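Asker: OK, TrEMBL features for this one:
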| type | residues | note |
| --- | --- | --- |
| DOMAIN | 285-395 | domain 'FAD-binding FR-type' |
| TRANSMEM | 12-33 | transmembrane segment |
| TRANSMEM | 53-72 | transmembrane segment |
| TRANSMEM | 104-122 | transmembrane segment |
| TRANSMEM | 168-190 | transmembrane segment |
| TRANSMEM | 202-223 | transmembrane segment |
């Protein structure tokens, strides 16, 4: 069985292969151009094939620098997600992999930058050696050009004993090349998961060195160290006839001394558009940062969960979207993503925040949620909110059948979704494509159910009143309990409602058998397109992807599972 899960994954492969294909095309095409271009014939005499290696990698570097900022332009991606005419189905799901593509492009930049630097090290050594006494013939003649008036040089290294490193650092290309290399190393090394978790501010600060990186890249080519023969010189100086008559260049009219110049810098042309686009992105974020956020309600839940209700002028959202939150009292730099847990129909927006790190622990303490009395509204720290931004869960209503799976605090995206379902079911005039929802929640701590149980209970009641009990099928799995809880559960097992959640649907103990669950869903909906939406750890995500693959039909008329993972 394969089906449309393969199509979804296949599109990812197609996009990656397309990116690789463009890189290979640009590299190979540029490489052969510099290997064969007549105006660089004399340059190749000195540098050999390392000229082509340096120039081909430079073009690919420019191409990837053009792409690197686009995946992190959240407002642009949210806008594209909203234009369903331009972006539908499997193509739309690729937008959720924007950070993966950002990292992929970063690796492309690192590889091409390494090739470019190594090639130029060889070029510098070849330039230096061609000024030595061992250099003979045409090589020596080309290196001596520029020593007399009315001659343009080809070799930027003018004498053999010259220290190439010192000389290089006196040029625009040398200084900017060093700055670009150091900035890239700093950005790449501080982007590891270990650094991000240990010190987010270090990651944030070093990542913003990209400003220096792009400025240096834009002016890097102004040094024009690598030079080629001018078009005017080519029309007067026939290389085929004159290259073996280098000793007669000064005397034979048919072979005037060749003239050379550096190539016009082009990196700025590649990066100008994306830089302007990203500058607009940052202006929008700054404008949103300045807008006042009013905190209307603060609730402290068990298991270290803080619920915040907020209002902001002009704020509009969709189920499953997320916002970025900054608390300047804790950190003036850090923005953290949190899924919205309110429904679009409510007159506020809310988030549930669990203490899962230094920043979140500090936030809970600032709001008095760590065993302290909750702060008075006027004493609460100021929050800045950016967003909302699109996410995979906004597609839940686009399928006739949706399977929503949450692990731990990963249930927060589905709170907004279930609330929205509750409101939509209350509005009889609202037609829904969605006809069935399967909801799974796997949680380790029984206390974590408390803040979510009220929502499920109200939804269960509403569905029962409207005769739509079949619409929502939910399954809650508790994976951790102690001996006292086990005894309490056993004593109350025969009651009509669950002893932990208070719901009619009893809680399961242990982990789901995903083979059985997917097999049953596929059997119940033999010819349906089923959206699978997940928020939780990577290990379970891989398992669910395999299940979608395994239980999707190869027959286009059969059942198809489409996998979507919540990501920020």
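For all residues, glycine too, the Cβ spot is worked out from N, Cα and C.
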Asker: Sort out the residues at least 6 away from either end of the transmembrane segment (104-122), same chain, that have Cβ-Cβ distances under 8 Å to it, and list them.
Answerer: 16, 19, 23, 47, 50-51, 53-54, 57-58, 60-61, 64-65, 67-68, 71, 177, 180-181, 184, 187-188, 191
Asker: Taking a Cβ cut-off under 8 Å, which residues six or more beyond the ends of the transmembrane segment (202-223) line up next to it in the same chain?
Answerer: 62, 65, 171-174, 176-177, 179-180, 183-184, 186-187, 190-191, 195-196, 262-268, 271, 275, 333-334
Asker: Sequence-remote contacts (6 or more beyond its ends) of the transmembrane segment (53-72), Cβ cut-off under 8 Å?
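Answerer: That would be 19, 22-23, 26-28, 30-31, 34, 98-99, 101-102, 105-106, 108-109, 112-113, 115-116, 119-120, 123, 214, 217, 226, 266-267, 270-271, 273-275, 277-278.
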Asker: Express the predicted model's confidence over the domain 'FAD-binding FR-type' (285-395) as a mean pLDDT, rounded to an integer.
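Answerer: Looking only at the domain 'FAD-binding FR-type' (285-395), pLDDT averages out to 81.
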